Every structure is written in structure tokens, then in C-alpha cells.
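To keep things clear, I will list the structure first and then write my remarks on it.
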Ligand SMILES: Nc1ncnc2c1ncn2[C@@H]1O[C@H](COP(=O)(O)OP(=O)(O)OP(=O)(O)O)[C@@H](O)[C@H]1O
Ligand SMILES: [Mg+2]
């Protein structure tokens, strides 16, 4: 009998001590539901397996969860498309990490955390285009036929940064962009740098990176935020946890681990 | 010898023998009437003569030439033998005049202007002078059938085949179509008619053939067939229709 | 005022009653939709996401602009579809044994292309053929995407025309042949003009569907209205641009469908 009461008291004590900012604000009590893409790509998630914690966004998610008081076993993963992420009504996730760029227009409809990554935009192309004389300056880039993923902020940036002579062709996902490039229908495509690196190295047959736009080149650098339901109560907790990850140097550490290859790409003049 | 000669013509649809050995001579300027019960093979025989149906056995000779030879191009023969159907079969998307012009334009290479005058005369002659530019659905059955006859005549055929061309008409319209046939008869046109108009056959035919189950059971001048039929079946048929 | 017969008065009364009932029930449905839907708890969110006035105003001109591309693609595809469809329909009707291979090809073609989803054909041809290494401009997604649409839609048009050809009674063919017309003249001057007229409404419906499926070309790159709406949606995290695109489509397709129905009814009543 006494054992039982102590056990109950102990249990109460643990739950009481686990009282955190996020308590009562998540989809499921005691669980942080994190959304990623379907599929999720390198280097954001390695092998499409976010549970492993391998890959930049997977690692950030686990670090953030820990900071918010969730154990690794209290993180649950789900998958959404972009459209599911922004549809009205209750969301199926607490936070959604899919390289979503923060824009004022999007913020009217959904909430974003503070940025967890600032990406340069990079020009993905093929070796044959480079051999044909394309170079890393805006004048040369204007004359190329451009492609981009229609769901990304690369689209307005194309117009703002490069203003190509021919109307760009837009696609649903990375796979279609690379298919068009392989078919010779487009010369170049604009991606965030890590994605461009991955596509160039792994997916394209003779991929090449022509250069990157430094983050301060564009008016609003491409900053990735975690997407949440509009008016999410969790937002302050996420931001607080993110801030302490930044302060402690943990975020920089994760970035160094998964994004080190992003250095060494020439800047576009 | 006649100009269109059928020798032992046979035709079956599947294992249903419809024409079972018919011999017939159609001499130039002659008018022959085919009579017989429904299903006796009158239409099929006419269609064979026009090569719309290939025959199984026997021969059809036009001016001594075997036109029924398998593999022979039927088109030139059909240009020489015109045919008019029970259901008119005008082309509904063309005016009466265009219906009549199509075949001579395509087959004889004549121009519309060339054809207009003689055709207009023909329409006039058959009482359709003011109907030339009407579409078939704007014409009565009798008028449509007369246009169909003009259409066939426009090819200037040597022989005309008529398949019960008054059967689909209201009784009061039959007369105007028969008048056209009388007119053609007077011109000396060679004609073969399948008909139920016994009075008409008696009046004009040179020869009447009674078809029974795919055979010509009895043939002869109209008076003989109608007044003194030899065969019991002919008598039975005539007593039913007269 | 001319006096009405008893029957006319009765019918007028009936008409008035029917109109009143129709008006009342329509009104009731409208009121229910307009009043009740906004009362649902999620309405505000849905309205912000799908019926957002500010987003609509901002994106509508751009959508209209992109729609020009849809119209252009439609305009160059439609005549080619009609021609190919006609050719295939005729090829399917060939009787001459020497041309049997052509007939077989036409049958295989219609079977295959009617059996495939349009989007799959667009991907296969739009990415696949240029991937073989064609030089520019011959690898353009506009060319091959359009070809995909043409191939798919011509197979449907061919079937519709063929059904039209078969619906023409054999007596028409017989009448033409008995005049000594050749087989091809019979087809050209007698059968086809009637057949094509008969299937105009069915083909109109196909072309309305084509107008919508032009949007599928966006999957291989061209930025037409559907893609432009998607870009706006992505930038603003808002679905209103799709509603704008839908309105633009409807402005064209509803009149076209109504006209096709009108033709169909006219034809049905003409034939009865
Ligand atoms: N295309 C066909 N296929 C099969 N059977 C046919 C065909 N045409 C006719 N027949 C058959 O051949 C027989 C003779 O038909 P046909 O039309 O020649 O008769 P008919 O003497 O003209 O009759 P009616 O006075 O009714 O017009 C009938 O039994 C008919 O069913
Ligand atoms: Mg008959």
C-alpha cells in the first residue's frame, strides 16, 4: 500500500516536473508531431527516414524537441504536401519543416517560426551548358532558358534577380525539373543551395553548379521557417527553443555537420 | 437475244438460298415487271443486277459481256444501270438539284453549269421545277421519289431498275410517280420493276415474271399471267392481291 | 384584349403555379446555402483560404494573362485533332485488304490512346521524346506536349466520327454506289458530310474537355493559367487563385457546353 502511494506520488512528481511551455499546446498530449515532405530529400532528411535523426531538418527537429522537453521517443513524424500544409482547418502536425521560405504573404495565412536556416539560391545546370559558354554573371544567365519548382520562392526570385529573356518553365517537383534539364528543355534552374548541390551531385547525369547568389544579394534572403497553424499557441515555445539552440551553438553545429558542402560555390556577379 | 441476260443466277445469304437459279432476258426498250410475295426475292434479284450484291453462281451478261465475274470493278456497270429504291434514299444534306448533279459531276466530269440546264428541264418535265433547290425533308414522299428517279436518270443509264418505288407512298401520291414511269416508258427506256401495282403492270409491262421462293415460276405477257395463270401458286398469289 | 379559351386560362394558371413553386424552392436553397454555410465553425478559415478578396484582386489579372497561353495551345491543337481524328476514322473504315495494315494501325492507335491517362501521355511524350537528344527548338515542351494532347484527343474524335459513319444507314451507301460513285467518293460526298454533322455535339463536348486538359501541359513546364495559379498559391499560401482560374475556365466552358447541349437537343428533335 505504501509502495503504491509512493509510486503514485513519484508519477505525479515526474509529470509535474515535465510541465513545460508546450504542455497542452500540441496535437497529442506529450507528443510533438513533426511533418516532412513525401518523399523527403537529401540533405534535409537522409534516406527519406526522418526517425533516424539523420539529415539537417531531421536533426533540427530532434534538437528542438529536446529543447522543448520532448524525448526522442515523443517525436512523431508525418508527411504532408505543400497544399496540405496550407489548407484551412485543423492541421495534422505541430510543426512542418520542408524548406518553407518565410514570406509576408504566406504569413497572412500560416505562422512561421523564426528562421532556422538561411539559404543562398544557387544555379543548377549541366556541364554541356557550361561548356557552351554560360558563366556566373547575370548577363550570361539572362540568355538561358530557365526552370524552377513552381511551389518555391525561386519563382519570384528568378524574375527579380535574373529577369530571363524567355519565359521560365515551371514544374511540380525536383524530379520534373531535372527531367526537363536532362531532356535539354531548360538550361538552368534556381534552387536553394543545398538542394542544388544534391541534385547536381546525385540526380543529374552531368550536373554542374554555375554559382550561388549571396544571401544579401536579394532583397529578402531565402529563410526557412517551421510552418505552423495560423495563431498556433506553440509558436512562442518553438521560437524560445530555437533561440536557445542558436545561443548554445547547437544549431550551427548541426548545420556544420550536414551542410558543410555548401561552401566553395562561386558567387554570381 | 436481249441486252441484259441473267443465266442461272443464284444467291444465298448464309445458308438461306434467296435466288435459286433465275434466267431472264431484258431486251432493249422492254419493260419487265417482277411480282411475287414478300420475301420471294424481288429486291435481291434487282440488287444482283446492279451488282450491289455479288452473285454466288450463274452469269449476268450486259451486251454479251459477263459483268458478274468475281473481282470485276462494278463501278462502270452501275453507271450504265440506274436504280431507284422503295425508300427514296435521297442524300439529306443536298438539295434536290445537288442530289441529281453529284454522280454526273464525279463520274462524267461535267460541271455544274453544264448540268444545270438539262437537269432543270428534267425537273420541269416531272413537275418539280419549283422544288429543285429544296432539301429532301422539305419534299413530300412523292416528290422525293421523283427526285430519286431524276437523280438516277441524270447518269443517262441504259437500263433502269425500280424496286417497289410506290410502296412507301400515300395512295394519293402513287399516281404522280407512276406518271413518271409512263413517261419513261414512252421514251423507250429499258426498265425492270419490282412492283405490287398490278394494274400498272397489266397496263404497261411487256412481260410479267412471277417470283416464288427465289425462282421465276411463271412468266409471260401481262394478259396471260393475270387472266390465265397456269400455276396454282400464281393464282393463289393473284387472288390475294387483286 | 383577346378573350382566352378555357384551356388557355387553365394552362396559364398552371404555369403561374409552377413558376411560383420553382422560385420559392430556389430561394429556399439559396438562403440555406448563403445563411447556413457561413455559420459553420470553419467557414472563416475556408473563406480566407479560398475566397479571399484581396488575393483574388491581386492575382486575377495575372491569371487572365496566363490564360492566353491556354487559348493559344487550344487553338493550334484543335484543328490538328480534327484532321487526325478524321483520318484515323477513315482508316478504320478501310475495306481494301491491301490497306489492312493501315486499318490495324488505326485500331491499335485508338485503343492505346483512349486507354491511357492524358497526363501519362504528356509525361511520356513531353519528356521522353526530347530526352532522346533532339536539338532546340525541336525539343520544346510546347511541341511535344501539344502532340500528346493531339494524339489522345484525336483518338476520341476518331471514335466519335466512326460512330457517326456507322450511324449512317447502309441505304445511303447503296444509293451512292448504285449511281456508279466510287467507294471514296461515296465516303467523301455522301457518308462523311452526314456523319460529321451528326457528331458535332459529341465533338463539341470533347473540345470542351480539351480546353480543360490543356492545363495538363503545365506538368512539363509551360506556365499557363493552372500553373500560374499554383505559383500564386504557393507564394501566398492561399487557394483563392485556383478559384479565380476556375471562374475563367467556366466563363468559356459553360457557354460552350450549353451550346453543345442546344445543338444536341436540336438534332434530337429534328430526327424525331
Ligand atoms: N442482306 C441480307 N441478309 C440476309 N438475308 C437477306 C438480306 N437481304 C434479303 N434477305 C432475305 O432474302 C429474302 C428475300 O428478300 P427480298 O428483299 O429480296 O424479298 P422481296 O421479294 O423484295 O420482298 P418484299 O416484297 O417484302 O420487298 C428474305 O427472306 C430476306 O429476309
Ligand atoms: Mg423488296
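Backbone N, Cα and C atoms are what each Cβ position is placed from, and that goes for glycine too.
Just so you know, TrEMBL annotations are computer predictions that nobody has curated.
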(request) From the ranges C:213-234, C:235-256, grab the one TrEMBL calls transmembrane segment. (result) C:235-256
(request) Return the stretch with the most CB pairs under 8 A relative to the transmembrane segment (C:235-256), choosing among C:21-43, C:63-91, C:112-130, C:142-161. (result) C:63-91
(message) Looking only at the recorded stretches C:21-43, C:63-91, C:112-130, which one has the largest tally of CB-CB distances under 8 Å to the transmembrane segment (C:142-161)?
(response) C:63-91
